[in-house]
Amino acid sequence: MNTNVVDHPLAAALLTTMRDVRSDNATFRAALRSLTHMLVYEAMRDAPVEVFDVDTPVATTAGTRLANPPLLVPVLRAGLGMVEQASALLPQARVGFVGIARDESTHQPVPYLESLPEDLSRFPVYVLDPMLATGGSMVHTIDLLVARGATDITAVCVVAAPEGVAALRASGHPVRLITASIDEGLNEDAYIVPGLGDAGDRQFGPR
Ligand SMILES: O=P(O)(O)OC[C@H]1O[C@H](OP(=O)(O)OP(=O)(O)O)[C@H](O)[C@@H]1O
Ligand SMILES: O=c1cc[nH]c(=O)[nH]1
Ligand SMILES: [Mg+2]
């Protein structure tokens, strides 16, 4: 599995704002939006383009556009804070939704929403979720995508735990990972250390 840790001072500063326990909900959401911009920008670096003629006010020249705009899939709730910025960068992208809430005691993913196109065999798919902890929620999401024919999947996560990276790899699914950090690991509550807490709660308040 290909893993790309975005190494950039601006990304590191935004991640620091998100980690900081003193950042309020609005500050956290704003930093997540800006960091999503950087992660998606990096994730799309090698996206195939097609060339077409475009008329400037002066001449005709070669323009480019994405050959195959992706499907964006935010994992609710926390992934909602990433989708507006990703859509702004990719105005032709379609958006599907998956809702999963981790069980606090078992740490297993509990799915509650699935709204996806029937056939994903034609789309690159970008899954948006700030946190990859045990990997259970991401692997469940990717199971859904693969069942609909997806073969080109990118997980865009702000923070990943080594355990989550290993789970993604072990799933054997066709996925690559873009993240701003691979942290130390998980604590006894399966929270990422040092992490940033509960990314859903920090944007929207406790469930
Ligand atoms: O890798 P895992 O161990 O599955 O944990 C990661 C999941 O936990 C968080 O969601 P959460 O269940 O807290 O739901 P929320 O977004 O509604 O807060 C996060 O946004 C991921 O979806
Ligand atoms: O650290 C963690 C782990 C799971 N979900 C979160 O939001 N944060
Ligand atoms: Mg949460």
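Here the Cβ of each residue, glycine as well, is placed from N, Cα and C on the backbone.
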*Considering the 5-phospho-alpha-D-ribose 1-diphosphate binding residues Arg77, Arg102, Asp129, Pro130, Met131, Leu132, Ala133, Thr134, Gly135, Gly136, Ser137 given in TrEMBL, which of Asp20, Asp198 is annotated for that site as well?*
Asp198
_Can you tell me how many other Cβ atoms are located within 10 Å of the Cβ belonging to Asp198 (uracil binding site)?_
16
*Which ones are near Ala199 (uracil binding site): of the binding-site residues Arg77, Asp129, Met131, Gly135, which have a Cα within 10 Å?*
Arg77, Asp129, Met131
_Distance-selected binding-site residues near ligand 3 (C-beta under 6 Å), from Met131, Ala133, Gly135, Ser137, Ile192_ = none
*At the Cα level, what's the spacing in Å between Ser137 (5-phospho-alpha-D-ribose 1-diphosphate binding site) and Gly197 (uracil binding site), rounded?*
16
